[in-house]
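Take a look at this one; I'll ask things after.
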Amino acid sequence: MLAGQHHVTDIESPLMVVLWRVAAGVFLPLVPTMAVFGNVLVIMSVFRERSLQTVTNMLIVSLAVSDFMVAIGVMSFGVYYEWNDFKWGLGSFFCHVYQALDVACSTASILNLLAISLDRYIAIGHPISYAQYGARGGRAMISITIVWGVSVAVALPLLLGVNPMEENDLQECELANPYFNMISSIFSFFIPCIAMIILYTIIFRRLRQRERARSLRQAQRSENDKISSALLGGAQIARQMGKHFKNRTDQILLEISFQTSSFPTMSESSEDASTISPMINSFNNFLPKKTPYPSTSIPAIPECGSMPNLTIIERPEAEKEKEISIMDLRDTVEMLDDKYSSAILTSFQTSRSFGEELEEILPFIDGSNSVKHSREQLHTTRSNTSTTRLLDVKPELRSISVPSIQDEKKLSQKSNDLPFSHQNGTHKQKLLPNPGILMKSKSTTLLKTNGYMDTDSLNRNSHKKSLADLLANDEFSFSDSMRVYKNRLFKSLSRATSGWNKPRPSRHMVKKATKQMRREHKATVTLAVVLAVFLFCWLPFFVLHLSNSICLIIDENSACVGFLPLYLATWLGYLNSSLNPLIYTVFDQRFRNAFRNILSCGIFKKR
């Protein structure tokens, strides 16, 4: 590519000539040797290591092949030309081959870097599409074919006689056609160079935006952790409240049994016989045998659910005393309800500070639309309960429910999992509607807040199950309720996004794209360094080469650039072919391991 080699007389000092010959004779052969050795390592590493066989690395192999050909077919002629005192003695054919190889391989290096830049742009800008369609060997082969086809097309005119050698001066082999030099420099270097700079600018801007989005997601994650803590805290308080009500109710029932001199016996239900028999035996140890009296049941408590049946046997003369005990029991339960309802409302008020918009999406955080409304509902229910009177109790056999061991687990699980809500003032009662109405069933009703439970939140969509259906289903569990609310939460959040109606990629594809994106980020940094080094090495030569061609077009007998600057810039460009393998070794761990395995004949890999 030297376009001014006839200016060899620029070096006039004999001392400078000697120093130049010594330096050129020692150091110039090292450049093609390093280029051949390093690029062969790159090619072998990609074909030996399966983990390196990616689209990007296939393009890197194409770049290594072009650098290898520069070292073999261009630098070797350059060393010979310099050692022969810049006199070409191989004839016009080899001169044209030398020039064509120089132009073709240099153009291929530039276009390979452009293809790599396009590959980086697709991988960073559209990671899911790249993981689906871009990471295929066929696309890499198409890119490589286009690169080498254009490079050969650019260099082909040199073989067709565009730059003929003068018959009277066969000792010089130079690119003397200024028009070809200018056009080839613009289309082979400057246009691809500008395109690569634009692409890498967009790539790094995308990476910066992605980093900012990652920081925002981390901030939102901390806020979500607070919300999760509030949810867990509210669920824990609800479980503690239910457990306390259950234990306290059982304790009060036992106290009533002792106060009325009654003792529990087995009911008609055979399922509970094995459960309550130890309790009966314990009472029989303390109480003497008596003649059975007509019995009646204790009215159901509105603040707790029904439980497996136990029968309370009592004397007729204890009816009045029993009614007084029942009133004390109701007052005690109301006091406990007041205490723990205030506590749970305070906890819900704290959790609301993290986002009141979750009321509709997650109704299990707070059952009402506001804390104030919950308190109003609490006072209204309490006043309604206080005005309820006991029905006339007749001395006949009735039952009251106490949880069995088997049902207690189901009751605890369902009561912890099901949401309680109140919306638009509509109430749906799932417990005993009246203290005088008697229940003889298994424990399917639950402890609840303020005696009411709303199922409207589960009936918003026609395809959802109602709360009654869920209660009737014995297999209803915590995972069922969480699945309902996760689906509702996802739909509510997806409507807020712009592309909620687009088909979502599979989870496997997202994980693959995420992993691919991390790897592409590292590869992008490495290839950005390769591009920077390439520009540093080749930009001086092409600037001087274009300037010299413009000067020759203006005046055929004068050149703007001297021989020595152009000669040094040419070898600086050749040096780039030796630096690329060093860049891969420094910045890419996989290439470094592959180089070490090749140089050690696989010893490190076997270990």
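Each residue, glycine too, has its Cβ placed from N, Cα and C.
The compositional bias 'Polar residues' feature in Swiss-Prot is assigned to 413-424. What Swiss-Prot records for CYS95-CYS173 is disulfide bond, and it gives sequence analysis as the kind of evidence. The region 'Disordered' annotation in Swiss-Prot covers 402-435. Look at Swiss-Prot and you will find 1-23, 80-96, 163-182, 545-558 tagged as topological domain 'Extracellular', backed by sequence analysis. Annotation source Swiss-Prot lists topological domain 'Cytoplasmic' at 45-58, 118-141, 204-523, 580-607, citing sequence analysis. Among the features that Swiss-Prot reports, transmembrane segment is placed at 24-44, 59-79, 97-117, 142-162, 183-203, 524-544, 559-579, with the record citing sequence analysis.
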Under a Cβ pair cut-off of under 8 Å, which of the recorded stretches 97-117, 142-162, 183-203 contacts the transmembrane segment (559-579) most often?
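The stretch with the most contacts is 97-117.
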Using Cβ-Cβ distances, find the residues under 8 Å from CYS95 (disulfide bond) that belong to the same chain and are at least 6 apart in sequence, listing them in sequence order.
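Result: TRP88, MET165, CYS173.
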Before we move on, state whether the transmembrane segment (183-203) and the transmembrane segment (24-44) share at least 3 Cβ pairs under 8 Å, counting only pairs 6 or more apart in sequence.
no
Per the definition of 3+ C-beta pairs under 8 A with sequence separation of 6 or more, do the transmembrane segment (524-544) and the transmembrane segment (97-117) touch?
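Between the transmembrane segment (524-544) and the transmembrane segment (97-117), contact is present.
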With DSSP helix as H/G/I and strand as E/B, how many residues of the topological domain 'Extracellular' (80-96) fall in helix, strand and coil?
10 helix, 0 strand, 7 coil
Please report the three-state DSSP label of CYS173 (disulfide bond).
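The three-state answer is coil.
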Going by DSSP, how much of the topological domain 'Cytoplasmic' (45-58) is helix, how much is strand and how much is coil, in residues?
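Across the topological domain 'Cytoplasmic' (45-58), DSSP assigns the residues as follows: 11 helix, 0 strand, 3 coil.
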Where does the mean pLDDT land for the topological domain 'Cytoplasmic' (45-58)?
87
Would you mind splitting the topological domain 'Extracellular' (545-558) into helix, strand and coil residue counts from DSSP?
10 helix, 0 strand, 4 coil
Around the C-beta of CYS173 (disulfide bond), how many further C-beta atoms are within 10 angstroms, looking at every protein chain?
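For CYS173 (disulfide bond), the 10 Å Cβ neighbour count is 24.
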